[in-house]
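The structure appears below as structure tokens.
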Amino acid sequence: GDILDDYLRTDGVWILTRNKQFYKTNNEKECAEKCEAERNFTCRAFLFTRKKLECLTLAENAKMTVMFASTDAVLYEKRIYLMQCKRGIGTDYRGTEAKTQRGIPCQNWAEKIPHKPNYTPEKYPNAGLEENYCRNPDGDESGPWCYTTDPAIRFDYCAIPECEDQVTHTGEGECMQCNGEDYHGEVSRTESGLECQRWDAQEPHMHGFTQKHYPEKDLKMNYCRNPDGELRPWCFTTSPNKRWEYCNIPRCSTRPPVPGLDSQCLSGKGEDYRGSVAITESGNACQHWNTQHPHKHGWIPNRYPCKGLEENYCRNPDGEKKPWCYTTNSSVRWEYCTIPPCDGTDQGIAGMDDVPVQVPLPEECYQGTGQSYRGTTSVTASGKTCQAWNSMFPHRHIKTPDRFPDADLRDNYCRNPDGDSSPWCFTTDPNTIWEYCNLKRCDDHTQE
């Protein structure tokens, strides 16, 4: 198999780690080989940056340290260090359980008190004897164990669940069509074996994916779902150290059902448009979806089989305001396309490049720092029109509705998704990225 099959991939993230090594590599596979060969520390993950072709081998994974967004980076974590379950007798178990089946904390493998160990990191360098984690260095038939911190009990076994038992509710022959947007099965474990958090819970992870906000997405129990157009179904996990993870649901071998006639004109946002317009509204020719030149991108046709990414036709795979494409002009990454509307009533929507300016109500104001503000003001303090939150023109950004589902990033209304001092927005002026909005703070009387 591919060397990368042993790793869990997460796009667009970076993790902070003290123990790391820099290498220059051409691709992710070469970086994985550096991780396998790493002798300075136990390599649990690596980061690869596409622009600089830089490879960082890491001693920690996302379970052990802080993770944040970084557009150009890809994080690959060794699956073996993410699994919280054991296969067979668990000689390859590298999870972080550190207490015995009776709840007694484990003794650190490198320590000699209260028990002098026969199995030490020096004697068994490949057995994963780190910290005080449960391990099985001697191939014990009863599974992972540890020396205990109780002077009266030298060692005891740990309660590590079997991996087979972890994938509950799989159901007979469960599979997903497309990217699993319509998956309604009952898988409730992630691909590394973590249990899913219930969608109606806000612990250990707070989120905005609730039945109330997404009534049509079937967010029930703790079943894996794909409410936001990800590559495949996922869930928030019950581990405080891992916010979310994909679920392992196979793609169905049968063809997906045809959802009626594909549209040859613009209706709504044009997500079902399957016409052959292949030129942008400024006249640039579209780049083919299956090529990475002149622009590298992630909308690869075989990854998204139901988005209609054929040839170089304009499409709307990501819920933009209308169909778009990457351009063959190396200095213009992407642009919207002009698609004929399906009927006269859509004319205004289709031909509209900017969201209309809403006239603010005179009594509109915000409380505190304005994170709860849900008004319709869309003008900045200097009078500039706000850019729509789901648009990347004229300014590309990461403050998108899917990343901040609780912040009500609708249209181009002023909001405060990131805890700034007051509501703000990106502007439609190419020379001004963002500004605070033309809003007053509510006075004490109004707040009462």
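Numbers here mean position along the shown chain, with the first residue as 1.
In case you wondered, yes, glycine gets a Cβ from its N, Cα and C as well.
Among CYS163, CYS175, CYS337, the cysteine that TrEMBL records as disulfide-bonded to CYS252 is CYS175.
TrEMBL records a disulfide bond between CYS437 and CYS414, which is the match among CYS386, CYS414. Candidates considered were CYS365, CYS386, CYS425; the recorded disulfide partner of CYS442 in TrEMBL is CYS365. For CYS196, the partner cysteine in a disulfide bond according to TrEMBL, taken from CYS146, CYS158, CYS235, is CYS235. It is CYS235 that, of the disulfide-bonded residues CYS235, CYS252, CYS442, has its Cβ surrounded by the most other Cβ atoms within 10 Å.
If you take the CA of CYS325 (disulfide bond) and look 10 A around it, the disulfide-bonded residues you hit from CYS224, CYS314, CYS337, CYS342, CYS425 are CYS314, CYS337. Here CYS196 (disulfide bond) is positioned 37 angstrom away from CYS314 (disulfide bond), judged by their C-alpha atoms.
Between CYS196 (disulfide bond) and CYS265 (disulfide bond), the C-alpha separation comes to 40 Å.
Among the disulfide-bonded residues CYS175, CYS224, CYS365, CYS437, the ones whose Cα is located within 10 Å of the Cα of CYS235 (disulfide bond) are CYS224.
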